[in-house]
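Chemist: I am attaching a structure below and will ask some questions about it afterwards.
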């Protein structure tokens, strides 16, 4: 039996470990993933895309999915936080959220996706106005611009920065701890495997899953 998980781009890093954990519990079950920006996944569900479980990178997009009748009974399964990344050699000499960003090529997420929404809040908290050279649909796209050298800096989730390894240098963003990014998951209303999808949802918030979240620098729910 196959379950389809529509997961926010930032959750891509846990796919393999989640599949192994789920297979250990239910050997006959396989998981298929569709990863992308949360707002894009909400639209796909509204347009009738097949899926059994939706993992949003924030409550706002989960609320949109609930309003559209696409999902039900969501729960917070983990949290994430924002950091700034620069290429490993940091050619622009960026030292922090300060004047070194003024002439730098900065990339952020679009404001309607979770990573962009948090970025807007953090700019206000840090009293800084950035003029990004591009706005991306997902945190993965922002990271890609930095690792390819197209951008001098990007604001991404800590989990994505960790996954990039030595390709980037991480710089902390002041006040990021005030804006945690809640990962919220829910079973879709159109799933033909309601019981199995609910079991998978419960697994995401379980103590068995906690080490997986921590391995990839998420904070599991307590």
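All residue numbers here begin at 1 and follow the chain in the order shown.
Glycine residues also receive a Cβ, built from the backbone N, Cα and C atoms like all the rest.
Quick paste from TrEMBL:
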| type | residues | note |
| --- | --- | --- |
| BINDING | 10, 38, 139, 157 | molybdate binding site |
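Are these features on the surface or tucked inside, and what are their neighbours?
Modeler: Listed in sequence order, the residues of the same chain lying 6 or more apart from residue 139 (molybdate binding site) and placing their CB within less than 8 Å of its CB are 9, 10, 57, 109, 115, 156, 157, 160.
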Chemist: Using DSSP with the three-state reduction, classify residue 157 (molybdate binding site) as helix, strand or coil.
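Modeler: The residue in question, residue 157 (molybdate binding site), is strand (DSSP, three-state).
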Chemist: Write out, in the order they occur in the sequence, the residues of the chain not among 10, 38, 139, 157 that have a C-beta within 8 Å of the mean position of the C-beta atoms of the recorded molybdate site.
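Modeler: These residues sit around the molybdate site: 8, 9, 11, 37, 57, 80, 109, 113, 114, 115, 138, 140, 156, 159, 160, 181.
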Chemist: So for residue 10 (molybdate binding site), how many other CB atoms are inside 10 Å of its CB?
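Modeler: Total other Cβ atoms inside 10 Å, all chains included: 30.
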